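For reference, the structure discussed in these notes is given below.
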Amino acid sequence: MSRSPSLPDRPRLDLDPEMSEAERLAAIRQHYERLVSVNDELDQRLSEATDRREELREEVEQLKRRNETLKTSSLYLATVEELTDDGVVIKQHGNNQEVLTEASPHLESDLEAGDRVAINDSFAIQQLLDDETDSRAQAMEIDASPEIVYDDIGGIDEQVREVREAVEDPLTNPEMFETVGVEPPSGVLLYGPPGTGKTMLAKAVANETDATFIKMAGSELVRKFIGEGSRLVRDLFDLAAEREPAVIFIDEIDAVASKRTDSKTSGDAEVQRTMMQLLSEMDGFEDRGEVRIIAATNRFDMLDEAILRPGRFDRLIEVPKPNVEGREHILKIHTRNMNVDDDVDFADIATSLDDYSGADIAALATEAGMFAIRDERTEIRRADFDAAYAKVEDADEQTTIPGPTTYQY
Ligand SMILES: Nc1ncnc2c1ncn2[C@@H]1O[C@H](COP(=O)(O)OP(=O)(O)OP(=O)(O)O)[C@@H](O)[C@H]1O
């Protein structure tokens with residue numbers, strides 16, 4: 001804004017006592033004329049200033065209106081992909097269009113790859129959205145005290161022992177490891193067919209060590225928008241550090257850690273990026289205090305070896321389907337709160353449940369209970385288990401067209 005010119009000097013009237021009457025009159029007249037001209041000039045300035053004030057007021061109104069429109073007009077969502085010297089690369093949600101754009105200076109220093117932002121029609125970043133809480137809540141299951149105990153898990157005693165040794169001992173007795181000079185395993189990978197108790201094991205160990213159980217499904221990590229997978233991985237580890245002691249459980253880890261494929265689609269690149277973030281979190285894991293990490297997969301054969309290196313998931317524990325004794329034990333666990341007739345021989349039933357997982361056995365027990373209820377009985381009989389078995393087998397026959405799934409480990 002230009003500075004206003006200085007005000008005209010105030011005219012002075014100098015009357016000399018020696019002056020004649022006529023001279024005095026002339027001097028006064030001249031002074032009066034100067035006063036009139038200064039007055040005119042000041043009038044002129046005042047009217048200019050009034051005009052200018054009007055102009056400025058108009059401008060303020062216009063800016064206010066523009067601001068209102070900006071505030072109320074819709075913005076689009078995008079994710080920051082990269083911060084470059086030439087600007088910010090964003091990917092718009094919905095159409096996945098990549099754009100090189102800029103952020104307003106007050107936002108620029110706060111932006112990071114993976115951030116969710118609001119952009120306007122010209123793709124300029126207007127707002128940094130705080131998505132941490134909602135994406136965390138959506139993608140993670142957080143349980144401050146899961147209810148599963150080791151006694152709820154049957155048929156995999158050896159696996160329970162190994163998990164306790166690898167996860168529980170470092171949490172409850174870290175000095176022991178220090179004194180002996182042994183590094184506890186960084187991460188534990190549970191692998192085996194679905195429904196064999198992998199999630200239960202992770203929950204039980206969290207419960208028995210009074211740790212918060214934080215579960216993230218690998219499929220959640222890859223279903224998100226570009227950049228969000230790696231962001232979620234960071235959130236996951238940050239949250240665990242906030243809540244320590246904590247057990248992080250990543251289910252279906254194969255979704256993010258599969259062997260590299262030849263395809264160069266951006267989806268794969270995104271999955272790779274998420275996996276790299278996971279690896280880097282695990283590599284910096286030592287400083288994270290009382291946090292243990294367990295992952296699970298049904299597809300061990302698919303895993304990228306990078307995640308199995310020392311310092312990452314370096315303790316592998318196979319969780320198989322139960323053998324006959326295991327099946328009997330699981331049957332007893334899942335019927336312990338049921339009113340089961342004395343004629344029921346669990347050992348005998350267990351022999352016919354070849355290839356059943358823990359989850360299949362739990363479903364069978366519930367189904368047997370349903371048969372008793374339908375029959376309006378309060379106790380469950382052997383015939384109910386047989387009927388439940390027949391129903392399950394029948395359903396299997398109708399649905400398993402190509403034969404049982406085979407898993408390679
Ligand atoms: N070993 C077991 N002992 C007792 N119950 C079991 C066992 N395995 C599975 N179950 C029952 O099956 C349910 C599902 O098990 P869980 O979720 O732990 O399996 P999972 O191996 O994690 O399966 P997925 O690979 O499909 O995630 C449990 O809630 C429990 O009722």
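The backbone N, Cα and C atoms fix where each Cβ goes, glycine too.
What TrEMBL annotates here:
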type	residues	note
COILED	32-73	coiled coil
DOMAIN	184-323	domain 'AAA+ ATPase'
BINDING	Gly195, Thr196, Gly197, Lys198, Thr199, Met200, His334	ATP binding site
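DSSP assigns Gly197 (ATP binding site) to coil in the three-state reduction, outside any helix or strand. The helix, strand and coil residue counts that DSSP assigns across the domain 'AAA+ ATPase' (184-323) are 64 helix, 32 strand, 44 coil. Binding of ATP is attributed in the record to Gly195, Thr196, Gly197, Lys198, Thr199, Met200, His334, and the widest Cα separation among these residues amounts to 17 Å.
Most Cβ neighbours within 10 Å, among the binding-site residues Lys198, His334: Lys198 holds that distinction in the structure as shown. In sequence order, Ile153, Gly154, Gly155, Ile156, Gln159, Val319, Gly358 are the residues near Gly197 (ATP binding site), counting only same-chain partners six or more apart with C-beta under 8 A.
Counting every protein chain shown, the number of other Cβ atoms lying within 10 Å of the Cβ of Met200 (ATP binding site) is 22.
By a simple count of nearby Cβ atoms, those within 10 Å, the most crowded of the binding-site residues Thr196, Thr199 is Thr196. In the predicted model, the coiled coil (32-73) shows an average pLDDT of 88.
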